[in-house]
Ligand code: AQP
């Protein structure tokens with residue numbers, strides 16, 4: 001069975017972008033693949049995190065994975081920091097990465113822009129992400145569009161290692177959904193919807209109440225026209241909302257366009273809010289049941305043990321190939 005690895009950073013409240021671009025696909029992929037789904041807490045600390053928020057957000061993501069339908073009997077669900085092999089292989093991958101490669105990463109440029117001080121972790125994080133993937137010899141990595149460049153680096157590093165030390169790593173493939181790979185901010189369609197955006201009106205959090213969801217969607221920026229038409233170049237805001245509608249309803253973009261022909265933005269936004277609430281309300285109910293059941297600790301412990309079984313063996317193999325003495 002082919003292996004799938006992916007993760008989400010506990011750097012804020014999960015958004016509809018994370019759900020559509022990542023979690024929804026995780027749930028589908030577990031039907032046909034051996035899956036490893038982490039909460040990538042080591043990545044989150046590349047920017048300062050308040051310890052109590054980090055703890056809460058980590059638990060929230062793990063519970064949201066389960067609430068969305070990830071089955072811990074089938075897929076390993078765990079904290080990245082609980083499997084030490086990630087940090088160890090992360091270091092080894094850093095030594096194989098050039099500064100130029102890291103400097104080209106657009107996410108680093110975006111996240112460091114305008115900051116007086118930027119942590120070195122933010123700079124080298126793509127090497128850790130490469131290790132996350134390679135440590136399981138994952139075949140497929142479901143990610144949003146924004147992570148494509150990091151995955152390309154992972155493929156380069158795997159190839160570099162293989163040609164330097166002999167065939168060892170699987171070269172992973174990205175799995176990027178055709179629709180919903182990049183959900184944009186509600187207040188600015190030139191930026192992706194992001195959980196660390198300081199303006200909560202820019203994103204729909206998976207745990208937002210129905211009323212907050214309705215309010216955020218009704219306030220979402222649109223152009224001054226009234227036509228519901230998918231046209232990313234000229235109508236990026238409406239196109240983004242249509243993409244969300246398509247993902248929430250299972251309709252194609254053409255079907256969404258036909259459904260709202262002749263209607264203005266007001267009725268479209270109202271319907272959209274109801275579709276989002278239809279998907280998120282039951283998910284939220286399951287989330288609260290999971291949080292109060294106390295099951296999370298066991299799931300995370302078992303997930304980490306399963307993952308470590310695979311990851312530790314890979315790191316041993318890498319170290320042997322590189323010439324480290326056996327411990
Ligand atoms: N707006 C988005 N549209 C589609 N997919 C998205 N993803 C994130 N935002 C969107 C996908 O979610 C997964 C987890 O992402 P992450 O938490 O590891 O980091 P990120 O990509 O940097 O996501 P955020 O929400 O923007 O987090 P912050 O604000 O902390 O940087 C990835 O598969 C990502 O593609």
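Just so you know, glycine gets a Cβ as well, placed from its N, Cα and C.
Any TrEMBL annotation is an automated prediction that lacks curation.
Feature motif ''HIGH' region', per TrEMBL, maps to range 10-18 of the set 1-9, 10-18.
When the ranges 187-191, 192-196, 197-201, 202-206 are checked against TrEMBL, the one recorded as motif ''KMSKS' region' is 192-196. Cβ neighbour count for residue 145 (ATP binding site) (all protein chains, 10 Å cutoff from its Cβ): 15.
In the three-state DSSP reading, residue 9 (ATP binding site) counts as coil. Residue 193 (ATP binding site): 25 other CB atoms within 10 A of its CB, across all protein chains.
The ATP-binding residues named in the record, 9, 10, 11, 17, 18, 144, 145, 146, 183, 192, 193, 194, 195, 196, extend over a maximum Cα to Cα distance of 19 Å. In the structure as shown, the Cβ atom of residue 195 (ATP binding site) sits within 10 Å of 20 other Cβ atoms. With DSSP states grouped into helix (H, G, I), strand (E, B) and coil, the motif ''KMSKS' region' (192-196) comes out at 0 helix, 1 strand, 4 coil. Reported as a whole number, the C-alpha separation between residue 132 (L-tryptophan binding site) and residue 183 (ATP binding site) equals 24 Å.
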